């Protein structure tokens, strides 16, 4: 009789175990960013059936796969500040206008070889003529990577956040376009960047489809902080405001990094604001796009958080395999400002990110309507003159 009872008990236990495992397997999981009010307490997540995928250095946030049924309970935990889905981010789409074959240097003399209306418009040549080309300024490009073999680009270093065991080469093309506007070399080939002597760092957070996640963008910004970069360009977007992303943006800003982001290609919808994130955060210089006539390009996002505009229509730049395209988009406008910020930082390394941001805004060419143009068109020459004026006043004062 005892054997019968024992067997029956084992059967019940085995059946319960199978049922529990099946129930666990059938649960729906999703990936979340969990931010704690103070220190991270992983046990809270683990006790709710979650897993820890990633932790951060500069914000009390973890990335976790959590059963959807457990979210309401976790949101009620007094130690947790926010629980947010790890939503996707994407490149801000460019509009291709023309394709150019690779050109040999023997075919051209001088730099840039290709159309440079954008450089004339932001008045960068007078700054170059004074010897400022971005020397020793570190610029991070948080994007799809950069083509490390391009004849017109020199990548100092970088990281593949998506897969740290792989290189940061560009398998989508977007980051290479951004890099060309910032720092294409002064080598009599192709195009010339705003800051051709700057050090560029490829921070790859977007895949071969131009897609990524908030969690990887946060990691990219943390890498920029750890590596003491001076400037970061973010030509990517999400329409979702994310607390964890905003917190690491604030931390980077506190560390002195100049953050520049494309305003977005959401256009204008009546009086509705269309600035995307991270450009919409106050710590970030948000950049819209204008055309050859200083008119807002139809796709350029608008709103009260727009800081500056820059050329974003028919701009020649680099693409993978040492080719060149002409592109349009706020993702092409943003790196103009990032590159010019590097020139200003080089001219006076003691200037803070707050000071450089304000100088860029104060010296922009006024285009009247702030909702469409922010403080106006970035003006490198006028910004440098303002810095030189400030330096002279300080010396005499």
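Glycine residues also receive a Cβ, built from the backbone N, Cα and C atoms like all the rest.
Just so you know, TrEMBL annotations never went through curation; they're auto-generated.
The structure displayed is predicted, hence computed values, not measured ones.
According to TrEMBL, the protein carries these features:
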SIGNAL    1-20  signal peptide
DOMAIN    134-376  domain 'Peptidase S8/S53'
ACT_SITE  143  active site, charge relay system
ACT_SITE  174  active site, charge relay system
ACT_SITE  331  active site, charge relay system
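Positions of the features from TrEMBL, shown on the structure.
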residue: 143; record: active site, charge relay system; DSSP (3 states): strand
residue: 174; record: active site, charge relay system; DSSP (3 states): helix
residue: 331; record: active site, charge relay system; DSSP (3 states): helix
Sparsest Cβ surroundings (other CB atoms within 10 Å) among the active-site residues 143, 174: 174
Spatial separation of residue 174 (active site, charge relay system) from residue 331 (active site, charge relay system) - C-alpha basis, Å: 9
The domain 'Peptidase S8/S53' (134-376) [mean pLDDT, rounded to integer]: 97
Rounded distance in angstrom between the Cα atoms of residue 143 (active site, charge relay system) and residue 174 (active site, charge relay system): 7
Other C-beta atoms that fall within 10 angstroms of the C-beta of residue 331 (active site, charge relay system): 31
